[in-house]
Amino acid sequence: MRRAVWVLAVLLSHWRRHPMQLATLLIGLISATALWSGVQALNQQARNAYDRAAATFGGTRTAMLVAKDGATFPQKLFVDLRRAGWPVSPALEGRIQIDGRFYRLLGIEPVTLPAEVGSAPALGKASLQAFVTPPGEMLVAPETLRDLALAEGARPQANGIALPPLRVQGELAPGVLVVDIGFAQQILKLPDRLSRLLIGKSGAPHPSLQSVAGDKLRLIPPSAESDLERLTDSFHLNLTAFGLLSFFVGLFIVNSAVGLAFEQRLPMLRTLRACGVSAWMLNTVLVIELVSLALIAGLVGLVCGYLIAAALLPDVAASLRGLYGAQIPGQLSLKPAWWLAGVAISILGALAAAAASLTKAIRMPVLTSAQPQAWQQAQRRWLMFQSAAAIAVFAVAGGLIRFGDSLIAGFAVLAALMLGAALILPMVLQIALTVGQRSARRPVSIWFWADSRQQLSGLSLALMALLLALAVNVGVGTMVESFSRTFLVWLDGRLAADVYINATSDAQATKIKAWLRDRPEVEAVLPGGRADTQFAGAPIEVLGLPDHATYRDNWPLLESTANAWVRLRPGDACLVSEQLSRRMKLAIGDRISVPAFGGNWTLEIVGIYADYGNPRGQIAVNFAALTRHFPQAPLTRMGLRVAPDKIPALISALQQTFGLDDRNVADQATMKTESKRVFNRTFSVTAALNAFTLGVAGIALLTSLLTLANSRLPQLAPLWAIGLTRRRLAALELLKTMSVALITALFALPLGLLVAWCLLAIVNVKAFGWRLPFHVFPLQLIELIAVAMAAALCAAALPVARLARMQPASLIRIFVNER
Amino acid sequence: MPDQTALLRVTGLTKHYRTADEDVAVLRGVDLTLATGESVALTGESGSGKSTLLHLIAGLDAADSGEIRLGDTLISALGDAGRAELRRDRLGLVFQQFNLIPSLTVSDNLAFQSRIAGRHDPAWHDELVERLGLGALLKRYPEQLSGGQQQRVAIGRALAPKPLLLLADEPTGNLDEDTADEVLRLARDLVVRTGCGFLMVTHSARLAATLDRQVTLHAGVIA
């Protein structure tokens, strides 16, 4: 034991003499752990929120019975099943509007509610009494209370009814209002109707479902994954992919720092072995040393990861709310498993990054064998092997593009492309530098190219990290820019009306319409409606569009029949959103059937339109047809065509006359600005992670150059001795770094464009259901090359400055001792 | 039956190296003995196998055939752990390149091997410091020392655990003549003080002559 402690002390003494190297190793581990665990913290936070939502009084965590057509069903079925011994509890769900904002109203029956319903808040005996007897109680999460800007006990209005007094229940998901089922039926105007029956666990025998309810109900088994989890999977997968990429780039730094430490400590390790330290003990102590450093760095990395997650959480929460309507609390709360997993990933990452060095240490002979020729041959063999592996990986990518048909396959294509490119990079650089060397005539130029080639093996890992970071930046930048352009055009089509109104109730909407008829500046009132239904077992939205030139001229149709808008009029045709058409493989001319009031509604598809940012499937029908088939759908929305100079006066008149605020009435410009803000916020997380990744790659390059700086001195000292000034040597070194960085950046451009194509044509289609046009933005590419060169310049500056300032005595010593 | 008076006995030792083009026989059946307290110089021209023989005796490399015995221990039959233990506990090694640990001070370098051997003797450590004239250098790092000073530290480190046999591979090869003489004198004195055996590889006939006996290797065999 004491022996091991002595050996450890000797190994650690190396870091005391090389604090910069230790800092590099720790920075690599800290950045890898921080970025990975930061992303995981964001994912965990969101998943906790989904769990809360799913567990709310029988979400998807509970088995349930629903109507075959997905609509409501008579309460009598509940009574029949209960009498037959089924442990069922009724629930009614709907959407209500309070002060212009929509909330999910959930009616439950607390007496029959199964005890095992997830983490449902318990209602004590006293509160049970208050909950079920008038005026009742409306349970809400603290976030919802804040959102409503009301105090506990307040009674907000909805559908012209005073709702039960508000009471806070901490366990509830935000955006949900829970009341007794009797109140819910009154508020939603659905007397004696139910949405679902929650099934408790009971060993008692009961007759079959069919014998009691016929074929009116169907059983939905409990699901481990909620709707929100399914919807947001792609978003979290994107985040995870970024986290993983940053983690790997961080590990490049660790690999380079451990590699340097190993090379520098090689004589020390040999001396230790010569002094009688066995290979087993030496390797054990090396692993202990590495694990200890990884433990320290892992803990610091976790704290940094927490800070990154806390900084990004508002944007992530806004994105998830904007894209999916998911309510994520703004306060970060993490489970102990996150901390443990973070430390574990740091240790495993460090061991993986150091695997090559540790293997070398295990195989290291005690005696040195100076065989430069053999080393060069081994390098050549390794380069050939890497290139062959790259071609194999590219072939896998090709196969996945041809035969893969899932989001995972899309990400696998991306991973394969990047891995293949990273593996083939040394060969690309080798070829480029060989061409340079062949074209050189003057001796210093020949040395410049030859020496750059010799330096490649030491720099290639860092250059691979730079290549990946640049390619991802090009890819994601191109995707975001393509998306941005398409989105703006789409927004013009979707927001074609000049003013948008969302009345607080149908009654108010009717009054507003009557008032608008007397306003000469209003050229047209475009009523809008929206209803929820199902298609192929999944929830979809039905949009009612009025038959008006505003929609006919602007609606963002991707493809349609020649007379699509005319075909919509009778109410037997519809337009479908791109994501629904892709998901369900629907094409123009197909017929779909959706549950509606009074039975199924069959519609022929006459067009497909872009519906970016909406995770749910959507169909658009004629407005009049919507009101016929969904009479209970709220008709509170409308758009107005108004002369532009009259808009501000009209909005202020509407606000004064009907007590509407900015949330209820807005002009087109405001709506567009808000949509663009949500759009930009959605990608701000991507941009932040992009910048982090590029930063980490810059550090990887710096550490590699610092690593090489010392070992390069024996190569540079003879040149100095034969008459090249230190300043000129430093300039040549800088030029060398910039040259290889430039070649890498130029190689990163086509790779990045390929990544962008993959994101747009494969990943986006699978993740979100829409395909965007592919644009190339030359200015953006030039900008990124400049950033890469700046990163290389910053990374090379320190070692080059050290060389320029090096005392002649040091160079003499190196020349005398190490030649 | 081993010779009971010999500290080191090498019998019929052979070693081949394979290069890209050919198979080179470096040692072709070497026999050598060394008694306790005896100092032997191993000489020979470049490529005669001197260093290879020393490395095999030190357990740094394995022979193709033949035996190496240190006392009762058959070195040639030991595995990696056994050879490491032998180097730690019973051998002292000195190299031409000094091979000090750059991140440790002179004091820690001196004490390093005796500490890992579990035989650190502060009094003997102090005596070594004094005899080797390192008193003023204890807090310095190897890079701050001259070649002669570094080699004195290396000799001190090798003798700190009081080994049975001190093996030195061209210990003065990197030193000027005066410094080489002084370093070798110190080594001989300390060998006498500890009573261990001393086998030194050298190409200098002048330095070889200062030891008890000279053995010459020629073309892989003792001439």
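The backbone N, Cα and C atoms fix where each Cβ goes, glycine too.
Remember, predicted model here, so these are calculated numbers, not experimental data.
Per TrEMBL, transmembrane segment is recorded for A:239-262, A:282-313, A:337-362, A:382-401, A:407-435, A:456-476, A:687-708, A:729-762, A:782-804. The domain 'ABC3 transporter permease C-terminal' feature in TrEMBL is assigned to A:241-365, A:690-808. Summarising the annotation, TrEMBL assigns domain 'MacB-like periplasmic core' to A:461-645.
Remote same-chain residues near the transmembrane segment (A:456-476) are listed as 245, 248-249, 252-253, 255-256, 259, 379, 418, 421-422, 425-426, 429-430, 433, 686, 690, 693-694, 696-698, 700-701, 703-705, 707-708, 711, 740-741, 744-745, 747-749, 751-756, 758-759, 780-781, 784, 787-788, 791-792 (criterion: CB distance under 8 Å, separation of at least six residues from the stretch ends). It is A:282-313 that, among the stretches A:239-262, A:282-313, A:382-401, A:729-762, A:782-804, forms the most Cβ pairs under 8 Å with the transmembrane segment (A:337-362). Within the same chain, residues 4, 7-8, 11-12, 22, 25-26, 29-42, 45, 258, 269, 272-273, 328, 330, 332, 334, 339, 342-343, 345-347, 349-351, 354, 358, 361-362, 685, 688, 692 sit at least 6 positions outside the transmembrane segment (A:282-313) and bring their C-beta atoms closer than 8 Å to a C-beta of that stretch. If you average pLDDT over the domain 'MacB-like periplasmic core' (A:461-645) in this model, you get 86.
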